[in-house]
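Asks: First the structure, then my questions, so here it is.
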Amino acid sequence: MDESYNNRMSLVKGAKDIAKEAKRHAAKKVSKIVNRATDEYSSQRNYSQFQNEDKDNDDMCYTQPDSNGHFPCSRTANDEDGEHYASDATEGHDDEDEIYEGEYQGVPAYTDRMPRDGQDSLGQPVSDSLRDRKELELERQADEEELAQQYELIMQECGHGRFQWQLFFVLGMALMSDGVEVFVVGFVLPSAETDMCVPNSGAGWLGSIVYLGMMVGAFFWGGLSDKVGRKQCLLIAMSVNGFFSFLSSFVQGYGMFLFCRMFSGFGIGGAVPIVFPYFAEFLAREKRGEHLSWLCMFWMIGGIYASAMAWLIIPHYGWSFSMGSAYQFHSWRVFVVVCVLPCVCAVVALTFMPESPRFLLEMGKHDEAWMVLKQIHDTNMRARGEPEKVFTVNRIKLPKHLDELVEMQSDSSNPVGKVLFRIRTELRGIWLTFMSCFNYPVKDNTIKLAFVWFTLSFGYYGLSVWFPDVIHHLQSDEYASRVKTHNNEHTEDFTFNFTLENQIHTNGVFVNDRFISMKLKSVTFIDSTFQNCYFDDVSTVGSLFKNCTFVEAFFYNTDIDDSKLVGSRVINSSFHHNKTGCQMTFDDDYSAYWVYLVNFLGTLAVLPGNIVSALLMDKIARLSMLGGSMVLSGISCFFLWFGTSESMMIFMLCLYNGLSISAWNSLDVVTAELYPTDRRGTGFGFCNAMCKLAAVLGNLIFGSLVGITKTIPILLASAVLVGGGLVGLRLPDTRGNVLM
């Protein structure tokens, strides 16, 4: 019995020896084949360890075991192990002795050398086509969850310190540029349309075209950031914005100006969808909500900066120069150049920042991610006075990448074809990622977030347009109530060399009068006669001659043309050296100061809400702050019925902005935390694109109701804000979540 048992054990041991020897030589043959193929492409390399290939092939022998269960041609266990390791050391291809590529840079290996699930006995990966797709997706989901937990622990070890604050100010400049871009549109719109002689049919296109560019840019740059990286996309987007913004200050035609501002909006559209995911991926869970809320303050700073610069620059019309009559560079163009400065600062500073390590891990770039995390750790530890503290992380989990069908390009030396192929590939990738935002489990969240973004933006931007227009309408009514009317006046041989403003002259007769170096502002002549009159260096703004008669009049260096002569007759009169272009408003026009002051106060009013939301973001539920802020903003709209004066409307504007800012901050935080890393930029970009679409619709709808009725704007804004707040309360709370 014992003898048969020993024989069986000897057979088992012999079989194991055979399998071990076969495995070792098979692995060695595979390595030689791979290296031989490599040598064909790298003739300069010399693999001397493979020169004795024939000799190695003769090392294996297969014989029957003897009575003791050993093989005659095999070595003893000790000899075998010693020669095995010596041979492998010579070969340099044994798994245990293989040098990790990043080891020369001090980067630890992210995987062990044992065969894992999904690999065969030789360590070669099993094709995904041989495995169930659902099983692979479950494995990836498990890897993502493990990585999310580990990444949270790593960020806690790195700490929150100097590195995060440096990135905070760099990304803050980018977000500040977005705020400046929004306010620039409203500030330069009246001056640009007047300077470029834009007819009423083309007025208003500037505001819409910029928001449309931002809408497309948000979707494109957000999706692209999930493919090529947060930093790279943000850098390119900000560069596009800066270039076209700067160029727009010099172009003269309105069509070219619209083109430049559209691409400027396309570039800055990528700021918000990238800045918040980018910064969130450098923050630990307990710091994320608070510091993302502090980051939102830079949008407010951008609005304050734009308002202050407009206040200081645009009304100073002396800050201009001209090159003949064809090229005019007025003060509003100087304002546009100054508003590019935050974007330039952001681009320069961003070049010194690293890529998001969370994104690098998602792309399988373990070494690069590890080095960025070590940089964060070392920077923060040096700032704390603990430079000797060592970064202890030596292995980071990487999620499994599923095989995808990739369209291969045929060999072509045409660079244009390669570029077009790359663009088509990236756009297809963006679209596929976008469609994945409507798959389980993020489908419901995407729909709810898009609705909340749309309603909040529709109410905010709609009322932001409606408030200034209502104030301007009230000012116009007050201005019109102070108009001076002159009827049946008769002047002869008189010299007018002063400014006429806000007057109506009816049935007047002017004989041998001289109008020299004067300005006509909001002056209308109706059924009046000008006989033998002399007009020299006359500028008009908002002034008309209706049904008037000019007999033997002489016009020199004036801007009086057919557009100002409505239904008038010109008899034996001559025009010489007429002024070209449209005339800007006058130095004594204080309405511009009033508009800038209103926007400045409205933007400054969000400061208390910013501070409160930042301090409470990690202490109370984000959704409570989001829903409560939107509902309170909707309720505050009902007080607009009491806004019968300019001061009351300004107060209501400040109240509304102060209440709504908490909703914006909460929505930014929740959106960044709800999406997984591979879809975070795409989902954020789609939601922000819905925001810009709502801004366009809000501008059109609310702008058309100014001066007609208060009821519809108030009820509409209240309904959408309250509805959006209630839907926001149905979103999942993300305060305790790690970044998936």
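For all residues, glycine too, the Cβ spot is worked out from N, Cα and C.
According to TrEMBL, the protein carries these features:
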type     : residues : note
REGION   : 37-96    : region 'Disordered'
COMPBIAS : 40-51    : compositional bias 'Polar residues'
COMPBIAS : 83-92    : compositional bias 'Basic and acidic residues'
REGION   : 109-131  : region 'Disordered'
TRANSMEM : 167-190  : transmembrane segment
DOMAIN   : 167-735  : domain 'Major facilitator superfamily (MFS) profile'
TRANSMEM : 202-221  : transmembrane segment
TRANSMEM : 233-250  : transmembrane segment
TRANSMEM : 256-280  : transmembrane segment
TRANSMEM : 292-314  : transmembrane segment
TRANSMEM : 334-353  : transmembrane segment
TRANSMEM : 449-467  : transmembrane segment
TRANSMEM : 593-616  : transmembrane segment
TRANSMEM : 623-642  : transmembrane segment
TRANSMEM : 648-671  : transmembrane segment
TRANSMEM : 683-706  : transmembrane segment
TRANSMEM : 712-731  : transmembrane segment
Asks: Taking the transmembrane segment (648-671) as the first stretch and the transmembrane segment (233-250) as the second, find out whether 3 or more Cβ pairs fall under 8 Å, excluding pairs closer than 6 in sequence.
Replies: no
Asks: Mean pLDDT for the domain 'Major facilitator superfamily (MFS) profile' (167-735), as a whole number?
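Replies: Average per-residue pLDDT within the domain 'Major facilitator superfamily (MFS) profile' (167-735): 83.
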Asks: Which one, 167-190, 256-280, 334-353, has the most C-beta pairs under 8 Å toward the transmembrane segment (202-221)?
Replies: 256-280
Asks: Can you tell me which parts of the same chain pack against the transmembrane segment (167-190), counting only residues 6+ beyond its ends and a CB-CB cutoff under 8 A?
Replies: 204, 206-207, 210-211, 214, 234, 238, 241, 245, 261, 264-265, 268, 271-272, 275, 278-279, 282, 291, 294-303, 305-307, 310, 314, 332, 335-336, 339, 342-343, 345-346, 349-350, 352-353, 468, 595-596, 599, 603
Asks: With a Cβ cut-off under 8 Å, give me the same-chain residues at least six positions beyond the ends of the transmembrane segment (334-353) that come close to it.
Replies: 166-167, 169-171, 173-174, 176-177, 180-181, 184, 187-188, 231, 234-235, 238-239, 241-242, 245-246, 248-249, 268, 302, 305-306, 309-310, 313-314, 319-320
Asks: Return the stretch with the most CB pairs under 8 A relative to the transmembrane segment (593-616), choosing among 233-250, 292-314, 623-642.
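Replies: Going through each listed stretch, the top one turns out to be 292-314.
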Asks: What residues in the same chain, six or more past the boundaries of the transmembrane segment (623-642), come closer than 8 Å to it by Cβ-Cβ distance?
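Replies: Same-chain contacts beyond the ends: 452, 455-456, 459, 463, 609, 613, 616-617, 648-649, 652, 655-656, 659-663, 665-667, 670, 710, 713-714, 717-722, 724-726, 728-729, 731, 733.
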